[in-house]
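**Q** Here's the feature list from TrEMBL:
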- 12-315: domain 'FAD dependent oxidoreductase' (DOMAIN)
- 318-372: domain 'FAD dependent oxidoreductase central' (DOMAIN)
- 376-690: domain 'GCVT N-terminal' (DOMAIN)
- 710-788: domain 'Aminomethyltransferase C-terminal' (DOMAIN)
C-alpha cells in the first residue's frame, strides 16, 4: 500500500482503502492481514528526487505522514542498502502490506453476517442475460450460472483478467489486456525483518518485505502478453521466464547487495490485467444499461480496490461517485478506442513498461499514435506541428522549426521489432521531461503572444460535436443544460452539464438553430435543433448524451468525424476573416456569441461550400470559430493563411491555447473543473439559470442559499516559477488547498495557478476569508509569495 501518488484522486482512493482495512482490524473480530511497516521511495538521480519533493508537497496537503531523507538518513531506517546507488528517498511510515487472502476472508465473513447479503462461491458464470428491445437500448436482466439464473438489473464485472472475455459475447469490447506478471521470494536475509517496503522507480523494481525475505517484482520492457487466459486457470500459475525477469535481479543486487548471496525460495508468475493508461476500468457502461465495470487493476487491486469499490457502490446506488473518477471511468475512452484491440495492446504494453517512469504534465505516449488524424494533420505537420494525443486524436501541441513525424510504435526493440531510427519526436518530448520550464517554453510563448498582439489560428477539429433535434429537443436540452437556452436563433450559449451532486460533467457551447435556418454543415431537421461542441475530455460526456436524454423523443447525431473546426483568435481576427469573406463582421452585423452561415468559394478548385461561423473565443481576445465539412477544412485553412499573413496570423497549438485560456480565467474541464466541482464553487454561477429544473439544479439552489465549502481562486506569482498542478497552497502559513492547474501567463509575465480554497475548520467559505490572508504556493519544497484574485489578472484587449 503506497498512498503518495501524483494525483489527488488516487490519494483519496488509497486513503479510503487503507481506512477500510484499519476499520476491519480495529472494529471487528477479523484479521484483514494489514502490516504497517512503512514504505521508501528510492531516488537514484537528482531529477527523481525532485519528483519526490513534488510528491511530498501533495502528501502534506492530504496530511500523510512522510519525510524526505538523505542517503544517510535512509540507511538509518534500512541499513542493508547500498549508499552508492541512490541520492535520497521519500519515506512514508504509514504505508504497509495487505495480505490478499486475509482481507478477502475478512470481507467474506463480514458479508455473510449481513442478512441482506449472500455469498456464493465456486459457481461459474455462463453468460449475462440482456433484453434487446430493438430501439437501441439494451438492458441487463440477469446472470446465468451453472447453478441457475439470478434475476437482476445490475451486474458488476469484477472478473479481473477475464473482464474482457466475459462481455465479448454481448458485442461489447473492453481494453483489458492480460499479461504475465511475476515476483520472486528470496531466502532469509539477516536483519530484514520489520524493515519498510521499497520502490526503486529508476530501476523499475519493488521490494515487499515478508518476514526475513524479499519479494522482488517490477515492470520489464518485454512482458509476456497473453491473447487470453483459460477459465480453468483461476488459481493456476505459470513458470517464470527468467529472460524477462533477469533485469529486475540486476537492479535488486545493485541496491541490496545481500540479495546476491541468498537463494530463491520460490517464484510466482500469474496472469494480471492491464489497461492502456494503467488505470482500472470502472463505472457504468453506456452500451448496456445495468452493466458496471470494476476490473483492469494493473496489479494494484489490493491498493485501489477498497476506495474504487466504495465509489462504485455510490455510482450504483446514487448514480454518481463522491470523487472525480473520470480517469478511472470507462467513458474516458472513445468508442473507437474501446473496440480496437491493436491499439489497446500497444498502449497497455507501453503503460506497463513505463509504469515507474517519472510523471510530467506534458508527457506523451509513443504507442497507439496516429489513431485518428483530421484533414489538417499532414499540412500542419509539414509546418512543424509537434503533435500531442487527446482521446485518440492527433492535434498540434506547439510548432517547431522543422517537420517532425510521430513514428510507429517500436515496442522498445522487443518482440522482433527494431528501434525506430528516426528519434526526433522522442528527443523533442524529452525537452518537457523536467520540473523547470520546458525547453519549448519560448516557442509556446511566441505563439501565445501572436494571439495577444496580432492573430493566431488553431485547429480544434478534435473537439466533440453533435446535433440534437426532434420533437422534444428543447425539453431535452433544458434538462441537461444549466444555462438559459431561451435565446433567439443563431445564438451561441456557454453551458454546463451537471450530475446528481451538482458536479460539472462537461462544459460546452450550444448553437441554437430554428426550423428553416441554414444548416448546410449538419443534418436536416424540422423544428428546433441544437449544435453542441465540447473540447478535450469534456467531450466524452457528449458520447453518453443519448442515454441521458433517452426519455425524450429526440435524435442525437454525432458529427465529430464529419466537421472540422478552425479557430482564428486575436485582435486582428476580424480583419483576417473580413478579408476572407468580404463581409462586415463587426458587432453591428455579428454580435459576440452569435453565429451565421456563410458561403465560400475556393479560389483553386472553384468549389462552393458553407461555413458555420461563430463569434466566440476562449483566450480573452476577439475571436471566431469556423465550422466546416471535413473535406473542406484544408482549402479553407490555406485560404485563411493566405489572407492572414499581412495581419500577422501565425499557427498556434494547444499548449499556447491552454496558457491563454488560463491567463484569461476560462475553466479547463479535467483540471480546475471536474465532476466533483459545482458551478457555484467554480465561479460559473452566471451560466446556471435560476428558473426551471435541470439535472443537478437542486444542489445549485441549495448552494446559492447556504454557501459553499470551497471556492476557486486565482493565484499569481511574480517570480519565474513553473507551476504544473498539485503545488500546495497556504494561507497565513496554513494549508488551504492545492493547485489544480498551473500555467505561465506570457502577456503578464507571471505564473498562474488555480486552486479551490477551503477553510481548515470546515466552515463555509466567503469572500472575506479569501481576501484577508497572506498566500504562498509551495513549489519543489520552496514557498513563494502569491497574490490571490477572484478574477483573472489578465483583463484582455
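Heads up, the Cβ atoms here are built off N, Cα and C, so glycines get one too.
Curation does not apply to TrEMBL; its annotations are automatic.
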**Q** Let's see if you can do this one: DSSP helix, strand and coil counts over the domain 'Aminomethyltransferase C-terminal' (710-788), in that order.
**A** 5 helix, 46 strand, 28 coil
**Q** On average, what pLDDT score does this prediction assign to the domain 'Aminomethyltransferase C-terminal' (710-788)?
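**A** Overall, the domain 'Aminomethyltransferase C-terminal' (710-788) comes to a mean pLDDT of 96.
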**Q** Run through the domain 'FAD dependent oxidoreductase central' (318-372) and tell me, per DSSP, how many residues are helix, strand and coil.
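**A** For the domain 'FAD dependent oxidoreductase central' (318-372), the helix, strand and coil counts are 24 helix, 2 strand, 29 coil.
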